[in-house]
């Protein structure tokens, strides 16, 4: 089971919108040097929904090659067509990803039975261990806890990224799945500390893009049950957690990476560059977190 800080990796792009492969490799190295425990390639923060299939595949392959087995790579393989999600998972397996992260099908709003059958098909046909990804604020499709419990009984479904931010739901998940090998990850940085302290196994984090060492230390403390140290680190990071949500992800974090000199000013429509009025908010949060100097 993977534990700790799992970065939801942004995909660096040039001003033209072209993927910046050299910057992507450097960004992977930045995480290897700063304690990140695992990397999600081409998850939501990586903008796969505005990539071609070939680009999506190439991002996963590039990250796998650069990591070279040093930490686990989780491939973002979600799609709202089950056959496409299976195909993406198969490709991720072929290039050496360790697991896949499969988001609830978006826009078409399946029933709970439809969600169950979708993920069952991905688990059986994709050939990789599957982490479910529940983010109803983006997908309009909510994987209910009871459906998670059903899916957790399937052999190749190994975890859940819960990005609801609902700690009551998280508590039920932890209580029901305690003692199993099923991993529970937060996908909501502002509530991740409490999620882990109640028994979660890690955080699939946007903030880790820019504060990897601090997020590693936070997750390490929280997973170990060190309440005092975890809250101490989290208090310092909370302004950054908040600032990275002032506009839709990954808009603020891509601006932050540019501010840090780790990426060019590149993002793809329909996402746009961070509004001027939020530049100072994100910049000040980076300083408070100790990521940049004033």
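Just so it is clear, glycine is given a Cβ too, placed from its N, Cα and C backbone atoms.
Per Swiss-Prot, the features are as follows:
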SITE      44  site 'Part of a proton relay during catalysis'
BINDING   45, 204  pyruvate binding site
SITE      107  site 'Part of a proton relay during catalysis'
ACT_SITE  133  active site, proton donor/acceptor
ACT_SITE  161  active site, schiff-base intermediate with substrate
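Shown on the structure are the features that Swiss-Prot records.
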| residue | record | contacts (Cβ under 8 Å, 6+ apart) |
| --- | --- | --- |
| 44 | site 'Part of a proton relay during catalysis' | 8, 76, 103, 135, 138, 249, 250 |
| 45 | pyruvate binding site | 8, 9, 10, 206, 209, 249, 250, 253 |
| 107 | site 'Part of a proton relay during catalysis' | 80, 139, 140 |
| 133 | active site, proton donor/acceptor | 43, 78, 101, 102, 103, 104, 160, 161, 163, 187 |
| 204 | pyruvate binding site | 6, 7, 8, 40, 43, 101, 161, 163, 185, 186, 187 |
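Its Cβ placed at the centre, residue 161 (active site, schiff-base intermediate with substrate) has 27 other Cβ atoms within 10 Å.
Following the DSSP three-state reduction, the secondary structure of the residue listed as 'active site, schiff-base intermediate with substrate' is strand.
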